[in-house]
Amino acid sequence: MKFVDEAIIRVEAGNGGSGCVSFRREKYVPDGGPDGGDGGDGGSVYLQADENLNTLITYQFERFHIAERGKNGRGRDCTGHGGEDLILKVPVGTRAIDNDTEESLGDLTTHGQKLLVAKGGFHGLGNTRFKSSTNRAPRQKTLGTDGEVRSLKLELLLLADVGLLGMPNAGKSTFIRSVSKAKPKVADYPFTTLVPNLGVVNPRPGQSFVIADIPGLIEGAADGAGLGVQFLKHLERCRVLLHILDVEPIDGSDPVEAARAIVAELEKHSPKLAGKPRWLVINKADLMLPEELQERIDRIVKELEWEGDIYTISAYNREGTAELALKLLDFIDSLPPEEEVDADAEVEFKWDNYHQNANDSINEDFNDDFDDDFDEDDYDVEIIYQR
C-alpha cells in the first residue's frame, strides 16, 4: 500500500437539536402546563488510534466527515435523541493540527487512544425550562447551537527509538538491513530510499528497539531541496539520532563538509530536533586501510570539534554493527520513561456556558409586569368563547 503521511480533512460536528414549545392537553386537564422537551446534543468527532493502520491514504479520498445532528425535542417532555459520535480511525503516531490556526490539537501515540477534534452542538431548551410563578404558559425556547467545524491537517509521525541521518548513499539503508530484518532497497545511486523504513532490532533476547531510516538529506533541504526534508518530522519522536557519515564518498566530496551540511539543515528545520542526542557513525570503514582510516577519523573529529559518541562500522560487512546495536539498547534503557498522555484529550469549545447564558438572558426579560402576547391561560383562567 502507498505510504501517505499527510492529509487534510474537514470535520463537522452535529448541530444540537432545538427545544420544543408544547402544552399538556388531555381530557379533563384543560389547563395543563408546558411540556416541551429539550433537544438532543449533536454528535462529536473523534480521532482514534488503530495499530492495524499504517497510512493516511484513506483520507486523501474521503475529505469531508460529518457527525449526526441532535433531534429536536417533542411534547410530553420528550427529549430529542442525541446525535451519534463520529469516530475516525487513524494510524498510531498521528498528530492532529488545526489547519487554519496551526494549533496542535494532540498526538495519538497508543492503540485505542481517542482525541476530541470537533465538539457537537449543545441542545436547545424546551418551554418547560422557562415556566415560573409569573410565566405559567411560556412560549419561549432556545435553538440548538451549531457543532464545531474544523479543517484538520493529519500528520503521521513514525514511532521509532532511533533515527538515521545522513547524505544520500551514506549507507543508512544498508545499516538498517544489517541490524534488523527490514529490507529497504539498496543501490549505488542517490535517493534510492524514497519513503521512510522501519526496522525492529533485537540485540538481546526479549529486548528490542525500533529504528527509522528516512531519505537522505542534501544541502538546502530545509528550503525544500531533495526528499528528506518532508520526512524529517518522522525523527521528532526518536530518542537518539545516528548520523551516518560516509568516510570515502563515491563522488570525492569531503566528509566534514557533508557532516556540517546535515547539522546545518537539522538546525534550520527544527532546533528541538537538532538538540536530541546524536551519535556520529563512520561507515564504509572497509574501503580504507586501517592507518588511513584512523587519520581520516582524527581529521573529521578535529574539524567538526566533535565531543560526543563516535563509532566506526562497515554496514556492508556487518562489522561493528552488533556492538553498536547493543550500545543503543543500553542507552535507550537508561533514558527516563516518556511522559504519559491522557487517553481522552479534549479541545476548547466556545459553547461551554451556552445553556446558563441562554437562561440568564431570557429570565432577565421576565418581571411582574411582563405580558405575553399569547396569554389566554397564563394564570389558569378558563377562557370561554361564545358566538
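Cβ from N, Cα, C; glycine included.
What Swiss-Prot records for 166-173, 191-195, 213-216, 283-286, 314-316 is GTP binding site. Residues annotated as Mg(2+) binding site in Swiss-Prot, with sequence analysis given as evidence: Ser173, Thr193. Swiss-Prot lists 1-159 with the feature domain 'Obg'. According to Swiss-Prot, the feature domain 'OBG-type G' maps to 160-333.
Neighbour counts of Cβ atoms within 10 Å were compared across the binding-site residues Asn169, Ser173; the minimum falls on Asn169.
Classification of Lys172 (GTP binding site) by DSSP places it within a helix.
Of the listed binding-site residues Lys172, Lys284, the Cβ environment within 10 Å is emptiest of other Cβ atoms at Lys284. In sequence order, the binding-site residues near Ser173 (Mg(2+) binding site) (Cα within 10 Å of its Cα) are Pro215, drawn from Pro215, Lys284, Ser314. Shown in sequence order, Asn283, Lys284, Ala285, Asp286, Gly320 are the residues of the chain, 6+ apart in sequence, with a C-beta less than 8 angstroms from the C-beta of Ser314 (GTP binding site).
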